[in-house]
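Engineer: Before we start, here is the structure in question, set down as structure tokens.
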Amino acid sequence: MPVRAEARAAWRVVALALLLLPAMPAASPPLTPRPLQPSMPHVCAEQKLTLVGHRQPCVQAFSRIVPVWRRTGCAQQAWCIGQERRTVYYMSYRQVYATEARTVFRCCPGWSQKPGQEGCLSDVDECASANGGCEGPCCNTVGGFYCRCPPGYQLQGDGKTCQDVDECRAHNGGCQHRCVNTPGSYLCECKPGFRLHTDGRTCLAISSCTLGNGGCQHQCVQLTVTQHRCQCRPQYQLQEDGRRCVRRSPCAEGNGGCMHICQELRGLAHCGCHPGYQLAADRKTCEDVDECALGLAQCAHGCLNTQGSFKCVCHAGYELGADGRQCYRIEMEIVNSCEAGNGGCSHGCSHTSTGPLCTCPRGYELDEDQKTCIDIDDCANSPCCQQACANTPGGYECSCFAGYRLNTDGCGCEDVDECASGHGGCEHHCSNLAGSFQCFCEAGYRLDEDRRGCTSLEESVVDLDGRLPFVRPLPHIAVLRDELPRLFQDDYGAEEEAAAAELRGEHTLTEKFVCLDHSFGHDCSLTCDDCRNGGTCFPGQDGCDCPEGWTGIICNETCPPDTFGKNCSSPCTCQNGGTCDPVLGACRCPPGVSGAHCEDGCPKGFYGKHCRKKCHCANRGRCHRLYGACLCDPGLYGRFCHLACPPWAFGPGCSEDCLCEQSHTRSCNPKDGSCSCKAGFQGERCQAECESGFFGPGCRHRCTCQPGVACDPVSGECRTQCPPGYQGEDCGQECPVGTFGVNCSGSCSCVGAPCHRVTGECLCPPGKTGEDCGADCPEGRWGLGCQEICPACEHGASCNPETGTCLCLPGFVGSRCQDTCSAGWYGTGCQIRCACANDGHCDPTTGRCSCAPGWTGLSCQRACDSGHWGPDCIHPCNCSAGHGNCDAVSGLCLCEAGYEGPRCEQSCRQGYYGPSCEQKCRCEHGAACDHVSGACTCPAGWRGSFCEHACPAGFFGLDCDSACNCSAGAPCDAVTGSCICPAGRWGPRCAQSCPPLTFGLNCSQICTCFNGASCDSVTGQCHCAPGWMGPTCLQACPPGLYGKNCQHSCLCRNGGRCDPILGQCTCPEGWTGLACENECLPGHYAAGCQLNCSCLHGGICDRLTGHCLCPAGWTGDKCQSSCVSGTFGVHCEEHCACRKGASCHHVTGACFCPPGWRGPHCEQACPRGWFGEACAQRCLCPTNASCHHVTGECRCPPGFTGLSCEQACQPGTFGKDCEHLCQCPGETWACDPASGVCTCAAGYHGTGCLQRCPSGRYGPGCEHICKCLNGGTCDPATGACYCPAGFLGADCSLACPQGRFGPSCAHVCACRQGAACDPVSGACICSPGKTGVRCEHGCPQDRFGKGCELKCACRNGGLCHATNGSCSCPLGWMGPHCEHACPAGRYGAACLLECFCQNNGSCEPTTGACLCGPGFYGQACEHSCPSGFHGPGCQRVCECQQGAPCDPVSGQCLCPAGFHGQFCEKGCESGSFGDGCLQQCNCHTGVPCDPISGLCLCPPGRTGAACDLDCRRGRFGPGCALRCDCGGGADCDPISGQCHCVDSYMGPTCREVPTQISSSRPAPQHPSSRAMKH
């Protein structure tokens, strides 16, 4: 209907509702919304689809048989009543629903109606709820809203979601070089060599010199835009880093023209000279300084000038001292260099021609100074210690672990036998172990927790009421016996008995606790199931009986070391470190040991695993039995003990140091370290001189001098009284330095100065004074006796008290220290070169540098840091921070680009930029210019390097970086970004189309369209709704046309009608499809095939009427029923032909046969052997039995029964199905199950079946022979075997397995030690060497064999083998019963080893050790006694002196050449030499000869074989062996070497000229440069 009519109808309904409402109070009439009308503001019309129901008529038809009168088909009558099928039609109605469009009025989007308002006048804030669905900001408008996105994002098509804007896609984002997009923004990047301008888009070339001067110290030269190089100012050169500059060294070329030293100072070359030279007048050449002429040499005798130095010389008879200046008299005496302070050596000192040679005793070595002896860590060099080693000063000490003690050799360790002392605290037995011991108990006992006491395994205790003893097994009950077992079967029985009697009264403890229910353990938590490792339970099930080798409460612990056997109660008898097998006790011997008990160690002289390796130790040294290392006797050392101790060492291995005073001692005994003193000394360490009146070796001789005359303690000669200051036989020798007085017996007490040889008065050197010369000269004095006055030293210098020269302070030089150091030098004597660089000034005293402007650092090597300038960079720059830096020298500001002014505090004036503000800006459209780079900052709407380009379409604002936010491609203002909407769009973003019924620019025009037509928002053209046409859509579609503007033709066929709007066809009955072109599908009928048939089982539906046409086998209105039984086929008109009561299929008529039948009509029974449903089951009857074809039940033959005839007839029955009872006379008869004939039962035979089967036969009629073995009997009925004790198996053919016995082998043997038991009785059959009920004991020591019945016949300590009685002889014995001792020349076990003794040595039969005769030693007596020893065992010390050897047998001394006498104590008399002093010397008269070689010992001035020739010219001294050192043509004395000067020469070597001549030389011009060098 028209809109207004609908509105009026709605108003009527509302008015009627208001009239029917009950009356309300007049005071508060309710405000109800006014119904919306299209004329009200902001009201929009909508088409709403609703379901509308209405009745639809439907014509139905059905058929029935009615009686009718008819004329045909009547028999003899004209009319008759017949049956006729009639179709009846009737009208019915159904409710049909269809969707209809209805116009409703609602508030336009963005508006709402409040009570009392006419129309929609209230704006809706869509942003208040869930932000309006916007991802970004939500903006509410009057009547609507819109979503916005943050800058850099844009709205997607849904108007709500924001998506990142890739600004780089449009004009590269305005970037000059590279644009990088980021979420919500972007950034510009520049190529290498460019930098980004302040606008963030423009790239400026980097002028590398403008940034920090390019890193250059002086000047930066720009090569390209990005490249530069550094350049130095004149007189400077570039360093390797290419940036810093250093001044060119003037000394680099030609040493600056200097002869010696060239040094740069403030850029100029300054020459210097080496010490001993001075600069000449040209300031470049160096000339020698004559130290002798200037008095700088300070030589005691004479001075000789040399180039650059000088040399002091001494007069004849004197020699130059170590200081190179003092001269000392030459004493013609050979001085022992070791006498003074032991030559500086810490231990031994030996005098040589080159000075003292230090030596160290054994265990020490020389330190780097070659004088001090330091200890050697002997333990690190594999000493002889067997266990532990501790290093000591000069040696080491061996020690042993607990349970061991040190052997007498000081190296090896021997086990301590703890059992030897107090029985080791053991109650029963004690067995010594290596390093320890172990207690053991007798059989039937076990060790207590203290591992010493013994507790009985089963204790017999007399009950308190006096009844018989009862047994309580341990460990459940702790009860002590009232008697003590005897520990040993020896002579101590009386003592043990006394001790037992004493203790009986104390051992009366009763039980502690008892475990119940066959449990045991300290907490009764263990049972027999816990026994491990083959352990079995005791008969009382109160503990585990462990096998050999195991112990512990549950047999989970192996035997402790050195124990074995049952309960680990047997002690191991292994010796020499052998280990014991925990089960059998067999010994496993270590290398070098053999024998059943490891009792056979290696004999002396052999070692190794099998004692086959021969020791190589000399001097009777003993050998380690495993490794063969030699263990030396005292006085010997070396790998083979073949070396005698070196001097000053003694003891085993020469490991001890002699404590003798070596300078006073002749020798140290290498065995015990006793000291043999030199003549003149005595004491244990030879530390004391002979007492007055005694002399000689040991001070045993008394002096024979007159009273008051001293005696020489060495020779006993009487000393002569010399005048003070002299000594010697003829008193011709002056006292040596440091002594004075009579016989030079006084010692000087001067401090570093000599004394007068007569009076002892100190002779002070220059600069010293005082009685002992210990004081320096007073201030202002110097020289001998401090008599000279010091010169006037300047600048705080002091005077040298020895020479009087001024000692200048650092920084000053000159004879009076009046001059400061030359430029470039500083310190004491101005000898240290300054290290100041870059024109830095050096302090002459400290050398500290004062840097030139622009430099700093300790050596002025570092340029000023940025922000500082001036000397030492002490001034801060006064330039504006960040706008410029200052010159490091002058401090003037050097402005950065874009700044100017004295302090770089001003930016460039407008329109200019760059360094010094000299470049002009090029910006357009009023853009601002950067004063540093000249880059332009564009105003809104412009872009480009110079702002010459307007913003591209879609962008606006500053830098055009804002994207327009307009919809539908609307442009925006380039400056403000506001959207310019085209026709048909409106809103801030032009996102909204014109409201309904409006169009054009700004939606200002009204549309004139009807019938639901829409209006084009741009042109106002009407777009008609489907089914209408015309300019204003007022014309309906003509028939045959439909759709929008009625442009489509209808396609309906077969009488179908067409809808003018959608073109849909309405089909008649029986047709369907879009164009009614298809007949109804099966199951559907009526108009449009909209009704469904309900035909079942494949019935066909009539497409017009819906009636069902049923298939074969089915019937009923809907074909829902199958044919009745006995019928089948179409309309169920055919009848079944099945037999045996079988039914047939209602469609095909096929027969369903019952079980046991088959065939087309079920007329045949199942074939033989098959039965059941479809005859598919196979009969299970025996071959001779048949089964029923229906049930499968078997028809059994006579004698069998059961479902499968598997059971024979029960005894007493027979026949078919076992239905008959047997009629046999008694139980000894059996009935045949098939025929019932009676025969004898199994196990019986004979007439009347009364006789049992004889032994060995069984079965019916006793026809079968028994097959039982080993005495087994068989059952007479079944033949089953009954085995006797000791056998088992079906035929008793198997003997009991080892360890079991008795009937069915059900009992376990209790034999020990692996013994077998009798399989019948269980009695143990012990192997030879074992005895006891359970074979748990070995044979006693003197018994052997089976049952230990045989007595051993071993003698001399031989051990008897418990099995066969064979004897194991101890060392040194042989024979079947060890009855023979080893014959001569043989030794060891069974005397199998052959002796190797030499030099008539005899062999010890046990170990094979050789017993050497006098003069020989060694394992085989192969060595004669070492030097210094003789006699039996080389134990006697030779008393020969002078190191002479003695005869090793007799001890007679064999004197060396030059000595004779019984002990070689006498030297050869004058004129004799050689062995025994029997040869005569052949020397000039009065000349002695060497007592050994006989060579003549020429006095000074003589030479030749017989010393009968004078020295030739230029030679002097003893044997003329010294060369003269005389100059000036002088000759030297052939005896003393003193020079005899000629031609006015003087000095000790006659090379000095008189003083008048030397003083005439010119003095040097520059005394400040003098140097003293020698």
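Every residue, even glycine, has its Cβ placed from backbone N, Cα and C.
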Engineer: According to Swiss-Prot, which stretch among 715-734, 1555-1574 corresponds to the feature region 'Disordered'?
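Structural biologist: Within the set 715-734, 1555-1574, Swiss-Prot attaches region 'Disordered' to 1555-1574.
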Engineer: Please name the cysteine among C107, C134 that Swiss-Prot pairs with C120 through a disulfide bond.
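Structural biologist: Going by Swiss-Prot, C120 is disulfide-bonded to C107.
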Engineer: Would you mind listing the long-range same-chain contacts of the domain 'EGF-like 28' (1344-1379), meaning Cβ under 8 Å and 6+ residues beyond its ends?
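Structural biologist: That would be 595-597, 599-600, 603, 1326-1331, 1338, 1387-1391, 1405-1407.
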Engineer: I'd like the number of other C-beta atoms within 10 A of the C-beta of C1507 (disulfide bond), please.
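Structural biologist: Excluding its own Cβ, the number within 10 Å is 23.
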Engineer: Counting by DSSP, what is the helix, strand and coil composition of the domain 'EGF-like 25' (1214-1250)?
Structural biologist: 6 helix, 12 strand, 19 coil
Engineer: Which chain-mates of C1187 (disulfide bond) that are at least 6 residues away have a CB under 8 A from its CB, listed by sequence?
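Structural biologist: In sequence order, the residues whose Cβ lies under 8 Å from that of C1187 (disulfide bond) (at least 6 apart) are G1169, F1171, C1179, L1180, C1181, E1193, C1194, R1195.
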Engineer: Between the Cα atoms of C1058 (disulfide bond) and C793 (disulfide bond), find the distance and write it as a whole number of Å.
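Structural biologist: Approximately 145 Å lies between the Cα of C1058 (disulfide bond) and that of C793 (disulfide bond).
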Engineer: Summarise the model confidence on the domain 'EGF-like 3' (205-246) as a single mean pLDDT, whole number.
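Structural biologist: Result for the domain 'EGF-like 3' (205-246): average pLDDT 79.
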Engineer: Report the nearest neighbour of C1378 (disulfide bond) in space among the disulfide-bonded residues C107, C400, C524, C806, C1175, comparing Cα positions.
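Structural biologist: So, spelling it out, the nearest of the disulfide-bonded residues is C400.
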Engineer: Return the residues near C107 (disulfide bond), defined as same-chain residues 6+ apart in sequence whose C-beta is under 8 angstroms from its C-beta, sorted by sequence, else 'none'.
Structural biologist: L36, H42, V43, C44, Q113, C120
Engineer: So among C574, C793, C1175, C1335, all listed as disulfide-bonded residues, which is physically nearest to C299 (disulfide bond)? Use the C-alpha atoms.
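Structural biologist: Result: the closest of the disulfide-bonded residues to C299 (disulfide bond) is C793.
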Engineer: Taking the Cα atoms as reference points, how far is C793 (disulfide bond) from C312 (disulfide bond) in Å?
Structural biologist: 28
Engineer: Would you mind reading off the Cα separation of C524 (disulfide bond) from C312 (disulfide bond), to the nearest angstrom?
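Structural biologist: That comes out at 108 Å between the alpha carbons.
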Engineer: Cα-Cα, whole number of Å: C411 (disulfide bond) versus C1046 (disulfide bond)?
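Structural biologist: Pair distance, Cα basis, whole Å: 133 Å.
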